[in-house]
Amino acid sequence: MLNPTVRKFQYGQHTVTLETGMMARQATAAVMVDMDGTAVFVTVVAKKKVKEGQDFFPLTVNYQERSYAAGRIPGSFFRREGRPGEGETLIARLIDRPLRPLFPEGFLNEIQVVATVVSVNPQVNPDIVAMIGASAALSLSGVPFNGPIGGARVGFIDGQYVLNPTVDELKISKLDLVVAGTAGAVLMVESEADLLSEEQMLGAVVFGHEQQQVVIENINALVAEVGKEKWDWAPEPINQSLHDRIAQLAQTRIGDAYRITEKQERYEQIDAIRDEVISTLLAEDESLDEGEIIEIFSGLEKKIVRARVLAGEPRIDGREKDMVRALDIRTGLLPRTHGSALFTRGETQALVTATLGTARDAQTIDDIMGEHTDTFLLHYNFPPYSVGETGMMGSPKRREIGHGRLAKRGVLAVMPTIEEFPYTVRVVSEITESNGSSSMASVCGASLALMDAGVPIKESVAGIAMGLVKEGENFVVLSDILGDEDHLGDMDFKVAGSRNGVSALQMDIKIEGITREIMQVALNQAKSARLHILGVMESAISQPRAEISEFAPRIHTIKINADKIKDVIGKGGSVIRALTEETGTTIEIEDDGTVKIAATSGEQAKQAIARIEEITAEVEVGRIYNGKVTRIVDFGAFVAIGGGKEGLVHISQIADKRVEKVSDYLTMGQEVPVKVLEIDRQGRIRLSMKEAQATQQEAAETSSEDPAN
């Protein structure tokens with residue numbers, strides 16, 4: 001007998017319902033979460049046994065949107081959902097990031113979280129709903145999980161923070177920030193902002209964390225009521241004698257190796273020490289597990305580096321805690337691209353290009369929240385050679401999609417509107433070297449490449465990655481972290497922005513006890529680093545180039561009467577197709593009569609504009625046109641006079657004398673001057689060849705009598 005347990009609570013302006021016990025009863029745990037009509041069904045399956053040889057924690061989070069949730073049938077050929085889209089991948093990462101640090105070290109059992117959107121209210125984003133569901137399902141499952149977590153979206157409208165703003169409210173919000181955390185700690189922040197201050201950003205984080213406590217309280221209450229028994233799990237006991245022996249063999253040498261500033265040389269030295277330790281220990285005792293030796297060795301590395309940082313010693317590459325690595329900036333280095341830049345910060349390097357296209361190059365995104373068009377694209381590629389490795393090349397992985405979206409958030413606030421700059425813009429960041437903070441290098445490179453392309457961005461933006469090492473009350477914030485410092489630290493966060501404020505903030509915290517004061521110190525230190533980088537960038541290029549590249553399309557905009565759109569398009573698109581082919585341009589027409597002509601030369605654009613103006617021009621009574629005979633009939637001839645207009649030259653209006661047979665005077669396709677005599681109420685046009693001839697003759701005689709001639 002199905003006996004669901006339901007819990008309902010108010011969360012800001014929304015009502016949230018948690019329900020369990022109705023569906024997916026063979027899963028370890030399952031929860032249906034509903035927030036005002038947006039419902040996400042979340043399941044957790046956890047393996048009781050660890051796979052043999054497993055040396056990492058195999059947590060998988062899958063997020064999938066079903067078209068039926070929005071009352072639609074998929075538009076694909078097979079009429080069913082395919083592989084996850086970019087949006088689904090980003091939300092899966094958003095859920096994964098705050099959950100992963102809450103599993104105890106040494107827990108290696110496989111866990112899969114599946115979140116399926118089954119109903120959607122177009123005003124309520126499903127990502128926060130899915131995050132709440134994942135937290136609830138894991139908490140109910142009994143697995144060793146130090147949750148639950150809450151999730152909240154924070155907007156900033158009219159100077160006030162707004163909890164879980166609707167889709168319409170987000171359109172007018174200066175902030176879109178998602179924060180997740182436990183009852184006592186913030187774990188994850190993901191945001192984009194319209195150049196807000198550090199204080200406003202931090203205030204939003206604190207506000208969201210405070211407001212989400214109601215979610216945590218209700219999940220705890222649900223667990224108390226129907227939660228499964230906690231697993232009887234404990235970490236493997238520490239082999240202290242092996243720890244001591246490895247420290248004896250390697251501690252001093254590891255410390256010396258981490259004084260080598262060049263990454264590849266340092267890695268080679270560490271690898272050599274590790275291999276020697278493994279060989280020595282296995283020679284002493286063949287029963288030892290190589291995986292355990294490597295794990296203890298890695299822990300010793302982390303301990304040594306952290307102790308040096310906390311003691312105030314120079315960092316791995318010799319820098320002080322607040323120093324940014326050496327910068328090298330070059331722009332315009334690729335001759336045929338529309339804009340390019342090479343941004344190098346230490347051993348991290350990004351080759352970034354900007355390409356300008358027309359409206360038809362925009363990306364149409366059709367998901368369960370509706371269809372929308374994106375005219376600014378930023379793609380991030382991380383090839384294996386950037387870290388001196390070999391590997392598979394193919395479609396972008398989750399990490400590349402996530403880093404690209406973060407970099408895009410960092411630049412979005414300074415991009416011009418489509419009205420200010422009617423181009424689709426694509427930025428591509430190729431990471432050619434990597435040793436920490438390649439996504440923030442992409443922000444810097446994107447800003448430089450956009451300026452090089454002549455895109456009128458409001459101001460330069462730069463990004464910086466920060467780290468934190470904390471033991472007890474002692475903590476050190478590190479600016480511009482290396483890859484090793486990211487791995488060994490307790491918090492890493494990335495801040496992008498201009499001189500006037502923050503455009504993007506991403507934060508991942510691995511420990512509890514990170515206070516508001518620590519985050520404030522970190523944000524202030526990040527601001528100093530960002531301003532330093534901006535200064536160097538502005539010395540390379542301080543404002544967008546006055547002209548776009550000669551290889552980029554020029555977009556010219558004209559306005560026509562909306563009633564004339566059909567004339568420019570023609571039957572079956574015949575007129576506009578001929579226009580584009582004959583002038584070598586791309587023409588786009590909007591419903592309000594706005595016409596955008598993209599051409600690589602000014603002459604092409606002039607030709608297209610002249611043709612369109614000719615087509616859409618109103619026929620004037622008394623004006624003489626050069627027409628073309630399109631049809632000959634017994635009583636006269638029909639003549640096209642441009643603009644898709646055609647008029648009749650009656651047989652009596654062909655010549656001054658009597659005309660017996662029209663074909664004696666006119667042939668098909670013949671070009672003749674005609675004068676508009678009348679346009680009747682039905683729009684029919686009466687033309688005259690003899691009146692046109694008389695008017696032209698009179699004008700010629702007047703001209704010859706003019707003394708100036």
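Here the Cβ of each residue, glycine as well, is placed from N, Cα and C on the backbone.
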Of 250-269, 570-589, 690-709, which range does Swiss-Prot call region 'Disordered'? 690-709
Is the compositional bias 'Low complexity' (691-702) packed against any residues at least 6 beyond its ends, judged by a Cβ distance under 8 Å, and which are they? 624, 653, 673-675, 677
I need the most crowded of these binding-site residues: D486, D492. Count other C-beta atoms within 10 angstroms of each C-beta and give me the top one. D492
Please give the average pLDDT for the domain 'KH' (553-612) in this predicted model. 88
Can you tell me the three-state DSSP label for D492 (Mg(2+) binding site)? strand
